[in-house]
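Asks: Take a look at the following structure, please.
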Amino acid sequence: MRTLWIMAVLLVGVEGSVIQLGKMILQETGKNPVKYYGAYGCNCGPLGRRKPLDATDRCCYMHKCCYKKLTDSNPIKDRYSYSWENKAIVCKEKNPRLKEMCECDKAVAICFRENMRTYNKKERINTKIFCKKTPEPC
């Protein structure tokens with residue numbers, strides 16, 4: 001199980017508190033975060049921002065934009081406080097910088113849930129070869 005969460009780093013590059021982000025996605029979607037989102041589309045994974053292919057890919061794109069706005073953080077090492085209450089993610093972090101990080105991760109997890117109907121299994125493992133390099137502005 002520990003390996004699964006460590007591998008979750010592939011989700012949106014090396015962004016987000018890996019364990020917490022993976023748990024949020026699992027809680028919101030019920031899906032394995034690595035299998036379903038680790039290499040999805042043109043934006044889920046370690047590459048930079050690209051033009052999103054669909055709504056799910058746009059979730060990853062927006063998450064990268066959200067993280068781009070954060071300053072003075074180490075998204076791999078930094079951990080924040082959150083809980084799962086009444087089927088909702090609640091960011092409880094007092095530190096403003098860590099709270100922002102939590103809100104970025106919460107937003108992508110909710111975005112994945114809200115776009116499950118349009119999830120395209122063909123994009124689950126996208127090699128990114130045909131992704132357009134010019135992204136939309138954040």
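Positions of Cβ are set from backbone N, Cα and C atoms, glycine also.
According to Swiss-Prot:
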- CYS42-CYS131: disulfide bond (DISULFID)
- CYS44-CYS60: disulfide bond (DISULFID)
- CYS59-CYS111: disulfide bond (DISULFID)
- CYS65-CYS138: disulfide bond (DISULFID)
- CYS66-CYS104: disulfide bond (DISULFID)
- CYS91-CYS102: disulfide bond (DISULFID)
- 121-133: region 'Important for membrane-damaging activities in eukaryotes and bacteria' (REGION)
- 1-16: signal peptide (SIGNAL)
- LYS121: site 'Important residue of the cationic membrane-docking site (MDoS)' (SITE)
- ARG124: site 'Important residue of the cationic membrane-docking site (MDoS)' (SITE)
- LYS128: site 'Cationic membrane-docking site (MDoS)' (SITE)
- PHE130: site 'Hydrophobic membrane-disruption site (MDiS)' (SITE)
- LYS133: site 'Cationic membrane-docking site (MDoS)' (SITE)
Asks: If you measure CYS59 (disulfide bond) to CYS44 (disulfide bond) at Cα, how many Å is it?
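Replies: Per the Cα atoms, CYS59 (disulfide bond) and CYS44 (disulfide bond) stand 8 Å apart.
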Asks: Write out how many residues of the region 'Important for membrane-damaging activities in eukaryotes and bacteria' (121-133) are helix, how many strand and how many coil, based on DSSP.
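Replies: Here the numbers are 3 helix, 1 strand, 9 coil.
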Asks: Got a sec? Which of these disulfide-bonded residues, CYS44, CYS91, CYS104, has the most Cβ atoms within 10 Å?
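Replies: Of CYS44, CYS91, CYS104, the one with the most crowded Cβ is CYS44.
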Asks: Going by a 10 angstroms cut-off between Cβ atoms, which of the disulfide-bonded residues CYS66, CYS102 has the sparsest surroundings?
Replies: CYS66
Asks: In whole Å, how far does the CA atom of PHE130 (site 'Hydrophobic membrane-disruption site (MDiS)') lie from that of LYS121 (site 'Important residue of the cationic membrane-docking site (MDoS)')?
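Replies: Distance (Cα to Cα, whole Å): 17 Å.
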Asks: How many neighbouring Cβ atoms, not counting its own, are there within 10 Å of the Cβ of LYS121 (site 'Important residue of the cationic membrane-docking site (MDoS)')?
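Replies: Taking all protein chains shown, LYS121 (site 'Important residue of the cationic membrane-docking site (MDoS)') has 8 Cβ neighbours within 10 Å.
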Asks: What does the structure give for the C-alpha distance between LYS133 (site 'Cationic membrane-docking site (MDoS)') and CYS42 (disulfide bond)? Integer Å is fine.
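Replies: Distance (Cα to Cα, whole Å): 9 Å.
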Asks: By CA-CA distance, flag whichever of CYS60, ARG124, LYS128 among the recorded positions is nearest to CYS42 (disulfide bond).
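Replies: For CYS42 (disulfide bond), the closest Cα among CYS60, ARG124, LYS128 is found at LYS128.
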Asks: Spatially, and counting Cα to Cα, which of the disulfide-bonded residues is closest to CYS138 (disulfide bond)? Options: CYS60, CYS102, CYS111.
Replies: CYS60
Asks: Does DSSP give CYS91 (disulfide bond) helix, strand or coil?
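Replies: For CYS91 (disulfide bond) - judged by DSSP and reduced to three states - the answer is strand.
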Asks: Let me know how many other Cβ atoms fall within 10 Å of the Cβ of ARG124 (site 'Important residue of the cationic membrane-docking site (MDoS)').
Replies: 16
Asks: Count, for each of the disulfide-bonded residues CYS42, CYS60, CYS65, CYS131, CYS138, the other C-beta atoms lying within 10 angstroms of its own C-beta, and report the residue with the smallest count.
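Replies: Counting other Cβ atoms within 10 Å of each of the disulfide-bonded residues CYS42, CYS60, CYS65, CYS131, CYS138, the minimum falls on CYS138.
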